[in-house]
């Protein structure tokens with residue numbers, strides 16, 4: 001009986017270790033694995049293009065990340081460069097984004113389900129923060145100035161806000177995934193298609209159903225381009 005229990009414990013530990021080993025972007029087993037966007041093969045990521053067909057353009061994009069972007073109604077614009085724009089990023093576990101903030105603009109609370117983010121302020125000032133998971137839900141915040149760097153741990157809700165009513169702000173973010181994903185909390189909860197039942201949300205947020213109906217009627221605009 002003891003032997004059986006030990007075996008089960010060992011199997012459980014090995015399963016956990018195996019899960020940790022595959023819980024991020026797949027590691028390259030060769031110099032590169034340029035994404036073959038037209039391959040019918042479905043894998044975690046993208047199948048590899050024949051190395052004989054690879055050229056320098058597969059690792060390049062004239063992204064003009066030095067050019068200001070127009071912001072949306074929440075006052076931000078996220079220009080993400082991931083594997084969809086640069087096929088050579090496949091299996092390399094990294095992407096980058098330029099984020100523009102209007103005066104008093106924000107990149108609203110969101111998560112990246114597959115990536116840690118490290119953000120550098122290029123211009124202006126940003127008030128940033130993230131919230132830890134249940135049960136503590138601790139808020140960590142910091143005001144950043146030009147040249148400052150801040151890290152948002154993988155999967156945690158975080159945000160950035162430009163507190164200056166007169167000047168825009170700009171940041172560059174590096175993310176630890178070729179395809180980090182983004183879930184903007186308000187958009188996901190109140191703008192899902194089809195909508196989440198207003199009864200469910202009214203109970204969850206402890207508000208009247210009419211408040212939920214009003215929120216669901218709003219246009220929840222995406223700020224990722």
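Glycine residues also receive a Cβ, built from the backbone N, Cα and C atoms like all the rest.
Note: TrEMBL annotation is automatic and uncurated.
Look at TrEMBL and you will find 1-23 tagged as signal peptide.
Around residue 48 (disulfide bond), the same-chain residues six or more apart in sequence whose CB sits under 8 Å from its CB are 30, 33, 34, 35, 36, 90, listed in sequence order. Taken from TrEMBL, the feature disulfide bond covers 33-48.
According to TrEMBL, the domain 'Cupin type-1' annotation covers 63-213.
Annotated oxalate binding site per TrEMBL: 107, 112, 117, in sequence order. For residue 117 (oxalate binding site), the Cβ neighbour count at a 10 Å cut-off comes to 22, with all displayed protein chains included.
For 110, 112, 117, 158, the entry in TrEMBL reads Mn(2+) binding site. Around residue 158 (Mn(2+) binding site), the same-chain residues at least 6 positions away in sequence with a Cβ under 8 Å from its Cβ are 109, 110, 111, 117, 128, 129, 130, 131, 152.
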